[in-house]
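Annotated features, as they stand in TrEMBL:
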- 57-64, 139-143, 203-206: GTP binding site (BINDING)
- 49-200: domain 'AAA+ ATPase' (DOMAIN)
- 50-251: domain 'SRP54-type proteins GTP-binding' (DOMAIN)
Amino acid sequence: MAERIIESFRSSRFGTEVTDEEIRSALAEEIAQILEPVAVPFEPDPAHKPHVVLVVGVNGTGKTTTIGKMARFFTQEGKKVMMVAGDTFRAAAVEQLQVWGERTGCPVIAGPPNCDAAGLAFEALKRGKAEGADLLFIDTAGRLHNKGALMEELAKVIRVMRKFDETAPHTVLLVLDATTGQNAMEQVRVFRELVNVTGLVVTKLDGSARGGIVVALADSFGLPVHAVGVGEQAEDLRPFSAQDYARGLVGLPEA
């Protein structure tokens with residue numbers, strides 16, 4: 001892909017003197033062209049009340065934090081949001097989501113430790129419908145070392161929810177950690193085998209790793225990149241901008 005970008009630049013500017021700034025700007029334009037088709041903001045569908053968002057990813061990518069930040073954003077937009085602590089075997093994930101619930105004022109639906117995630121999702125969906133929620137974010141387990149068990153758990157969550165709403169989930173978000181590089185590519189492949197991933201959120205883009213992995217993800221999979229995480233604060237989850245991201249990648253300020 002890098003060769004393709006360079007070749008395109010060469011053919012358009014062959015035989016002319018160019019400055020470092022021009023090279024960076026031209027590269028940013030080439031990269032932005034790859035990214036533009038996947039820069040799609042996440043919009044809940046008002047036809048579904050609640051719009052069910054199943055959030056998947058390996059442990060440590062920032063799944064639970066992403067749910068909290070998205071809940072905050074949509075609550076501020078005037079939406080009624082509920083969160084489901086579906087990673088039932090990890091007490092820390094349940095507690096973390098409850099902290100986000102306190103911060104955002106959103107109800108968090110949790111069960112006893114190690115309870116059945118599918119049953120919890122079903123009850124949450126029923127409650128969300130009864131209480132007129134606009135959005136229902138469901139956290140999930142991320143134990144990729146036991147792929148078979150995880151596949152069965154996610155499949156069961158979806159199967160059981162569809163007994164109440166045959167269209168659920170309406171969005172399946174895969175959360176990826178930008179600092180894991182090529183590992184993120186493999187995670188997309190694996191999770192697409194497990195569930196029908198409809199979009200991506202890429203976290204931890206605030207470090208020195210500039211996250212060129214997003215370009216590779218866009219080029220390889222073409223999945224919408226709905227948002228990027230650029231810090232720990234609640235407001236540090238932003239809609240993905242192809243232009244800003246491409247300029248940052250080559251060391252230029254945002255336009």
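Numbering starts at 1 and runs along the chain as it is shown here.
Each Cβ is built from the backbone N, Cα and C atoms, and glycine gets one as well.
A quick note: this is a predicted structure, and the numbers were derived from the prediction, not measured.
The structure, with features from TrEMBL marked on it.
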| residue | record | contacts (Cβ under 8 Å, 6+ apart) |
| --- | --- | --- |
| GLY57 | GTP binding site | LYS63, GLY142, LEU174, VAL175, LEU176, GLN187, PHE191 |
| GLY60 | GTP binding site | GLY142, ASP177 |
| THR140 | GTP binding site | LEU54, VAL55, VAL56, LYS63, GLY86, ASP87, ALA117, GLU153, LEU154, VAL157 |
| ARG143 | GTP binding site | ASN59, PHE89, ALA149, LEU150 |
Inside 10 Å of the Cβ of LYS63 (GTP binding site), count up the other Cβ atoms and send me the figure. 28
Using DSSP, would you call LEU205 (GTP binding site) helix, strand or coil? coil
LEU205 (GTP binding site) has how many other Cβ neighbours within 10 Å of its own Cβ? 22
Would you mind pulling the DSSP three-state label for GLY60 (GTP binding site)? coil
